[in-house]
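Worksheet: the structure to be examined is printed underneath.
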Amino acid sequence: MRRLFILLPPMLWLLLLVAAPLGILGLIAFAEAGPGVPPFIPPLGWAGGPVWQGSSESIGTLLADPYYLEAFLRSLLTAFVTAALCLLLAYPMALGIAGARPPWRIPLLLLVLLPFWTGFLPRLGAWIGLLRDGGWVNGMLGAMGIGPLRLLYSDLALYLGMVHAYLPFAVLPLATALMRRDLALEEAAADLGAGPWVVFRSVTLPLSLPAAASAFLLVFIPAAGEFVIPELLGPPEAQLVGRVLWGEFFQNRDWPLAAGLALALLVLLLPPILLFQRLGRRG
Amino acid sequence: MKRLGLAFGLLFLWAPILLMVVYAFSADRIPFQWGGFSLRWFAALAANERMREAALLSLRIAAGAATLATLLGGLAGWALARFGPFRGRALLGALAGAPLVLPEVVTGLSLLLLFVLGQGAAEAVFGWAPGRGAATILLAHVTIGLAYVAVVVQARLAALDPSLEEAAADLGAGPFTTFRTVTLPLIAPSLAAGWLLAFTLSLDDVVVASFVSGPAGTTLPMLVFSALKIGLTPEVNALAALFLALAALFVGAAGLFLARRANGAG
C-alpha cells in the first residue's frame with residue numbers, strides 16, 4: 001500500500017507527460033495539415049464510431065524531398081564531428097584531472113563544470129561578440145596584418161560553439177573513469193619494461209574505452225537535435241534537423257511535418273540511445 | 001603533456017567567458033570594445049523593464065519546477081532503487097530516463113501537442129481552456145527536472161550502506177523514524193544537487209519553453225535568444241557577467257560549506 005503511494009505520483013506524471021506526448025507525436029505525424037487552430041485535422045475522427053482520416057503525406061514528403069534527407073545527413077555529420085572533437089579535447093583534460101594530486105581534483109573538475117552554470121545563451125553571446133565582423137578576434141587578427149575574415153555564421157563558429165557547449169559533458173565521464181582506475185595495472189606494465197607511451201596505449205586507453213564511448217554518445221545524442229547553436233552561430237545554409245523542424249513548426253505552421261521530422265529523428269537516435277543506456281548500466 | 005592538454009582545454013572553456021566579463025565593464029556601446037571602465041550596462045540592465053519581468057518569471061518557474069521535480073524525482077528514484085523487481089519497473093525506468101536523452105525539439109514539440117489537445121478537450125467539456133504560458137512551461141520543466149533528480153537519487157540510494165538503516169531498525173526505530181533520522185539526512189545532498197540541477201536546466205532552457213509557451217509567457221532565455229539572433233548587446237554582456245558572479249558565489253559558498261562539514265565530521 002505504501003509502495004503504491006510512492007510509485008503512483010511519478011508513474012502517473014511520466015505516463016501523462018512523457019509517454020502520452022510521444023504517442024500523440026507519432027499520431028500527429030500522420031495527420032493531414034489544415035488551416036484551422038491547431039493547424040491539422042486529427043487523424044482519428046468520430047462519426048458514430050472511430051474513423052481513420054489520417055494521411056501519410058508528411059512522411060511521404062520527408063522521404064521524397066532531398067532537402068530533408070540532406071538535413072538529417074548534415075545533422076549526423078555535425079554531431080559526429082562535434083563529439084569527436086570533444087573527445088579529442090576532453091581526453092587529455094580528463095587525464096590531467098585524474099593525474100593531479102587528490103586535493104586538486106575536485107576544484108579542477110569544478111572549473112570544467114562551472115561554465116555550465118554561467119548559462120548556455122550567455123556563452124553563445126560571447127562567441128558572437130568575439131567572432132562577428134569587426135569583433136574582437138578580427139581586431140586581433142587585423143593587428144597581425146591578417147583579415148578581416150568572415151568568422152561568425154560559418155562552420156568554424158558553429159563547431160566552436162558546439163564544442164564549447166558540450167565539452168564539459170565529455171570530460172565528466174572520462175575524468176570519473178580515469179580517477180577510479182587501478183594504477184597498479186599501469187605500474188605492473190611499467191615494471192615489466194613498458195615505456196610511458198606503451199603503458200598508455202596498451203593499458204590506460206583500452207580500459208577507458210567504455211567511458212570514452214559514453215562521453216562520445218553523451219555529446220552526439222543531444223548535438224544531433226541541436227537547434228540554438230546552429231541558429232545563432234552557424235551559416236544560414238547549415239539546415240540541421242533541429243532548425244528545419246523549428247522552421248516547419250513556427251514559420252510554415254506545418255505541424256504534421258514537424259511531428260514527422262521529430263519522429264524520424266527519434267528513430268534515427270534510438271540505436272545510439274540504447275547503446276548509451278547499456279554502457280551506463282555496465283559502468 | 002597531460003597538464004598542457006588540461007591547460008589548453010580550460011583556456012578554451014574560460015577565455016570567451018572571462019573576456020565577456022571584462023568587457024561587461026566597458027563603457028563602449030559596441031560589445032567587446034574597450035571604452036573605459038563603466039557600470040552603465042549594469043544600470044541599463046537593471047532599468048530594463050522587460051528583462052526584469054522575464055527574469056522574475058524565469059526564477060519563479062525554475063524554483064517551482066525544481067521543487068516539484070525533486071519531490072516526484074525523489075519518489076521515482078526511491079522506487080527504482082528500493083522496490084526490487086516489480087511490474088512496471090522497466091517502464092518507470094524508461095520513462096524517467098527518456099527526458100535525459102530525447103532531443104530538446106522532440107520534447108518541446110511532443111509536450112506542446114499534448115497541451116494543445118488538452119486545451120481542445122477542456123474547451124469541448126467546459127467551454128473554456130486555460131491558456132499556454134508560465135503553467136505549461138512549469139509542467140514541461142518539472143518533467144525534465146524529474147528525470148535528472150531520479151537518476152541522482154537512485155544512484156545515491158544504491159550506494160548507501162544498508163547496515164546504517166539496519167542498525168537503526170535493530171535499535172528499535174520504526175520505518176518512518178529510520179527514514180527521517182538516517183536515510184533522509186544521507187540522501188539530502190543528492191536531493192539538493194538534484195534540485196539545483198533542475199533549477200539550472202529550467203533557467204537555461206529556451207527550446208522547450210518556446211514550444212510550450214503562449215503569448216503570455218516570455219522567459220529570460222527566450223528574451224535573450226531573440227536579442228542574440230540580431231547580435232550581442234552590451235546588456236546581454238552585463239547579464240552574462242552577473243550570471244557568472246552568482247554561479248561563482250554559489251559554488252564558493254557550497255565549497256566552504258562542504259569543507260566545513262568535512263572538518264566537523266572528521
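Every residue, even glycine, has its Cβ placed from backbone N, Cα and C.
Whatever TrEMBL says is automated annotation, not expert-curated.
What you see is a predicted model, and the numbers here were worked out from it, not measured in a lab.
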**Request:** From the ranges A:6-29, A:198-221, grab the one TrEMBL calls transmembrane segment.
**Result:** A:198-221
**Asked** Relative to the transmembrane segment (A:198-221), which of A:71-94, A:106-130, A:156-178 accounts for the most Cβ pairs at distances under 8 Å?
**Response** A:156-178
**Same-chain residues near the transmembrane segment (A:71-94), Cβ under 8 Å, at least 6 residues beyond its ends** = 112, 158-159, 162-163, 166-167, 169-171, 174-175, 177-178, 212, 215-217, 219-221, 223-226, 230, 238-244, 264-265, 268
